[in-house]
């Protein structure tokens, strides 16, 4: 089924928005997010590995030809370093590792080089935004006193280690190892990592902590850096398990109705809200269970299962059986969005991602059943004539579509669905680690020659 869904999403992108970043499936035209500046083709690059894995050979070939002829980084525009890294660099790397086609390696390294000026700050903590022509960087104007964001500078590690591996140039890996050095010397409030860090002073901004937006993938990348290093990156491992310990102590709570959730921390006060993005953490806890210190493996799996259940409830308690952007646990409310601006669903993958990890690590059939419920809801409410669209209010009985088919729908949501219903030997976890955009990167085994030994 996810194969047919992919075909519908891709064919319509090709028909109405080919070469542009994303598709507007209702108005049947292209959509350009300012995250990518003037770089084009986000959906193509994001979908390459999904097309390959689903054996959509004709489509993959067309996509590859577009990349060869048209993917151009010499644009005078400001881009999000984080988004371009996870979607474009990640997409190109994984297309290269899966297909062996040299063009993908070449383009990935070329783009990686264009991102390097983002690290030209007093601390080496990169800017959020970079003009890739001028090399001038800055931060989001709204971020705490000119700070960089934890989830943005903390979600470069996997891709940059691979860029060094594939280019033989150690500079990429050095840049991301330096980020760790800065973080390790800082005092962490209660062992927690605030979401904001000033790249000039090297000091934390506001003491806000979140495992959802602004924080999420930083934690994911600590664990995955260790797994991707064939479990040799002891620093990443220690940082991950220490962080999880602090998260358990300070952020994980149980509602009166028995649902485990991860709250947000604001200078010591808890906000009892969980974002859809935070739902990835169920899969993360389960994936990290095996390496957990002192007999905590079962506990981490259990935690993953409880987060999966809470996130399933957030879906189940809506009219459309699709989860809201954020949901709350206060004032007698459990796993329900109470604010209008949190009731939307933009085809996000995190809940399905957690089902996939829980399925692979426990083989409990309920995860496939829950995944199937999500498929039915997507088909019923998000599928439109011209592709798939997000929804403005999942509690409404009538769809109000947002008219965007996000590139991550093809990269992540459909890939994780496909993997949830595939055999475990498709992209097995012992050989592949998924970046935060679901792009599989190979584990760098110690015996892959000594190339990366000099670099990590």
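Glycine is treated like the rest: Cβ placed from N, Cα and C.
Per TrEMBL, these features apply:
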type	residues	note
ACT_SITE	83	active site, proton donor
ACT_SITE	216	active site
ACT_SITE	325	active site, proton donor
ACT_SITE	350	active site
BINDING	436	Ca(2+) binding site
DISULFID	279-311	disulfide bond
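TrEMBL feature annotations superimposed on the structure.
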residue : record                    : contacts (Cβ under 8 Å, 6+ apart)
83      : active site, proton donor : 35, 36
216     : active site               : 151, 210, 277, 278, 280, 281, 436
279     : disulfide bond            : 307, 311, 314, 323, 350, 351, 353, 354
325     : active site, proton donor : 275, 276, 337, 341, 342, 343, 344, 345, 346, 348
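Residue 436 (Ca(2+) binding site) counts 26 other C-beta atoms within 10 Å of its own C-beta, drawing on all protein chains shown. Of all the recorded positions listed here (311, 350), the one with the fewest other CB atoms within 10 A of its own CB is 350.
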